[in-house]
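Visitor: Copying in the features that TrEMBL gives for the protein in this structure:
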BINDING   57, 62  substrate binding site
BINDING   142, 143, 144, 145, 146, 147, 148, 149, 150  ATP binding site
């Protein structure tokens, strides 16, 4: 996959433009998108094979997976949320999330489960990581919020994926249709995604 040259200014401009685009979606549009996402993911997730799934709570206009999370609970699928690592800056932990989880806001104002070593799962024990994103392009390149958290989390998976297409955890991006752009400028450390799901489409990429 050819990576276009990187421009910090252009990346900031794209990020700001797409964030504004998704935040402009009305409550009704967000609700319809969430319902459509549930239909897509119910067809995609093999209940018998996916026991542990990492997901996220929507923020900043992100596609809301709350209905899917509730469906996972009904199917007996364990769900986990990303938590900022308290000691390793820029790293994520994944903690079990259920109806009775005690939540707190992190430094970015995003809710996450209160840290408990009993609720932590190793990334290698996850079957799927559903990742939020700001923008994506026709080659599966993903633009996040700029912190690099998911790129670091997925770097080991990406190395394994080069020799084993079934390497776990399988990352799947979730986004509104309006977040697709023609082409993104990326850095060498940016991790592309083999699959991205929107309310109306499922994209498969060669990465």
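If you go along the chain as it appears here, the first residue is 1 and each next one adds 1.
Quick reminder: no glycine exception, Cβ is built from N, Cα and C everywhere.
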Visitor: CB neighbours of residue 148 (ATP binding site) within 10 A?
Guide: 16
Visitor: Ten-angstrom check, please: count other Cβ atoms within 10 Å of the Cβ of residue 146 (ATP binding site), all chains counted.
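Guide: There are 10 of them.
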Visitor: Could you tell me the C-alpha distance between residue 150 (ATP binding site) and residue 62 (substrate binding site) in angstrom, no decimals?
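Guide: A Cα-Cα distance of 15 Å.
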Visitor: At the Cα level, what's the spacing in Å between residue 148 (ATP binding site) and residue 62 (substrate binding site), rounded?
Guide: 17
Visitor: Name the secondary structure element type, per DSSP in three states, that contains residue 62 (substrate binding site).
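Guide: Once the DSSP labels are grouped into three classes, residue 62 (substrate binding site) ends up as coil.
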Visitor: Of the binding-site residues listed here (142, 144, 146), which is spatially closest to residue 57 (substrate binding site) when Cα positions are compared?
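Guide: That would be 144, the closest of 142, 144, 146 to residue 57 (substrate binding site).
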Visitor: Which state, by DSSP, holds residue 150 (ATP binding site): helix, strand or coil?
Guide: helix
Visitor: Inside 10 Å of the Cβ of residue 150 (ATP binding site), count up the other Cβ atoms and send me the figure.
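Guide: Its Cβ has 23 other Cβ atoms within 10 Å.
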Visitor: Among the binding-site residues 57, 62, 142, 144, point out the residue whose Cβ has the most other Cβ atoms within 10 Å, with all shown protein chains included in the count.
Guide: 142
Visitor: So among 142, 144, 146, all listed as binding-site residues, which is physically nearest to residue 62 (substrate binding site)? Use the C-alpha atoms.
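Guide: Nearest by Cα distance to residue 62 (substrate binding site): 144.
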Visitor: Would you list the other residues of this chain near ATP - those whose C-beta lies within 8 angstroms of the C-beta centroid of 142, 143, 144, 145, 146, 147, 148, 149, 150 - in sequence order?
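Guide: Going along the sequence, the neighbours appear as 133, 134, 151.
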